[in-house]
């Protein structure tokens, strides 16, 4: 196993690392990021980790996760230390399912407290999901027994999940991606996303990006993707519209998913390219090459697409609590995109909408500008600064407690 990943501590009360004399007076700030499970929880945490390190190169960053999540791969790849705890799968609503998991919750909380002690945590930043709940509970103190650790809650979705609804009860700061998350006192900051996206200059990179994918400089490019696994309904609808799109001079860059296949017609000579790939490992180039996007509306997707100023046709995932539609509404209401129900997505609709937008440069330009206005490029920096401010205050308070001989 990667030595930057450590298994659950099972309640071990570990001794903090011995600091040298220079650091004992003013030890490094220690931040724990609780955002495991799906990419929607892990990627914002990693974006904040990068921002923390940019603001304070000496900061100690610990990611909290489980052996079941994507964090076991993504966190070490980004160069950060990962501590594993017992998974606590959560129901999407407050039901009896959670009440039947007291032992698992207790075990995860105990393991998390041990992590906090070992890394001498000054602040916990939670991003929701089944890793965040034990972190929020473990951060609660007991007077004269165990110190309380400040908590920052970040909610990426338009409708908050159960973990974050629990976390806000004792959080010092509550941050959200969009208004109306249901979390009291939430400050809207956007979704933390990777610096390769937030610093992307699409016009400057466009020529190289289009050359990379085989498009001409003056091509009209439609980008299609359904997340890392693709989306079958998007694949069928856009592939079915290929002939009409080609006839209208629209080139397509289509990421159809690693587990999917895509049936395409044989293109006619001279038609715009239809570039189909299982996965795009350079989303910055894909965004720079595109003029319009068809995609799902997960929180990370909406955040990235709007941050780079791309107009989009959002097709919310039809299963769940409707949060994907809500994620897209701020951009759509601002004029930066459209929402199409998954059940309504047909080849005919794709052809009509895409051709209509490409035939109206003024509207496409207005949508581009609107998307850019709504997009947040500084969310990771904002969350990191909030965390460091709280961590610094906690470190100073802890130093005062130690000097006064108080627990």
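The backbone N, Cα and C atoms fix where each Cβ goes, glycine too.
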Region 'Disordered' range according to Swiss-Prot, out of 1-21, 22-42: 1-21
For residue 157 (UDP-N-acetyl-alpha-D-glucosamine binding site): intrachain residues, at least 6 apart, with Cβ closer than 8 Å: 40, 128, 177, 181, 299, 323, 326, 327
CB contacts for residue 40 (UDP-N-acetyl-alpha-D-glucosamine binding site) [other CB atoms within 10 A, all chains]: 21
